[in-house]
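Copied over from TrEMBL, here are the features:
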- Asp31: active site, nucleophile (ACT_SITE)
- Asp33: active site, proton donor (ACT_SITE)
- Asp31, Asp33, Asp252: Mg(2+) binding site (BINDING)
- Lys227: substrate binding site (BINDING)
Amino acid sequence: MNGPAATMASQLLSARNVRALFDSVKAFLFDCDGVIWKGDKLVDGVPQTLEFLRAKGKKLVFVTNNSMKSRRQYAKKFYSLGISVTEDEIFSSSFAAAMYLKVNNFPREKKVYVIGGDGILEELQLAGYIGLGGTEDCEKRVDLKSNSFFDHDKSVGAVVVGLDPTINYYKLQYGTLCIRENPGCLFVATNRDAVGHMTASQEWPGAGCMVAAICGSTEREPIVVGKPSTFMMEFLLQKFNMKTSQMCMVGDRLDTDILFGQSAGCKTLLVLSGVTTRSALRDPSNNIQPDFYTSQVSDILGLLGP
């Protein structure tokens, strides 16, 4: 894969440049939160734009760092919002975590402790692994009396940390003990996003907060499998036989989506419908510049026409 492109000013997507971008691309890689939807509400014009791109023969892939759902659950969410997407078109960080263990021959007899949602547990099960924790531990509490002893499963060989709205002290202690005391235990993070559009109206703390807590307690850095790490892109390239120069990554985050695309040599399009604002893009301290930027995904359709 190619390295990141040199930093240069982004171009506003317009009638003058949209056709050249469109004609040079065979596949569009879309982030989901803040791009396709915000919470459970679609961003305006998304269904029509996706239909237009499919009709023009473009490959669509949905690459999300949100680990709360499995690919099956994401396909169900797309369907509930009126968009037909197959599981093979979805690459979530929950799936990436399971695939990382699989391609690196993680022992089947070892268990995986999850600080995160059901999406990670489901993908682990589909990959043939036994997952512990997750939502099952959301109500558990710790007893901090002077003679208390917290026990953990010594057969846990990996701790996977993702977005966890029910994170608690029990989960933090369990994951910490596994990483610190189980020989060779892996510390895998789905992603390190600081915030995300979990609802339509505002941003919420992202998986990066949970990952940071375990980094602090273990003094270890994780293996990150979601954007902008190269693992997910390498997996994508194995599945789809095309050059990264023929792909366009569309996202709302500079430090994950756009960096992910740039690092692989993809064209990049930032949409301002999610986390990143126009002022943040233009801030002199920002050194991640997408090739193009626009207000929202439907601008592609609006500029190219029906």
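We number each residue from 1, going along the chain as drawn.
Glycine is treated like the rest: Cβ placed from N, Cα and C.
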Between Asp33 (active site, proton donor) and Asp252 (Mg(2+) binding site): CA-CA distance (Å): 8
Neighbourhood of Asp31 (active site, nucleophile), C-beta criterion under 8 angstroms, separation at least six: Phe62, Val63, Thr64, Asn65, Lys227, Met249, Val250, Gly251, Asp252, Arg253, Thr256, Asp257, Gly274
Chain-mates of Asp31, Asp33, Asp252 with C-beta within 8 Å of site centroid, Mg(2+): Cys32, Gly34, Val35, Ile36, Thr64, Gly196, His197, Gly251, Arg253, Asp257, Val271, Gly274, Val275
Neighbour count (Cβ, 10 Å) for Asp33 (active site, proton donor): 23
Binding-site residues compared (Lys227, Asp252) - the one with the fewest other Cβ atoms within 10 Å: Asp252
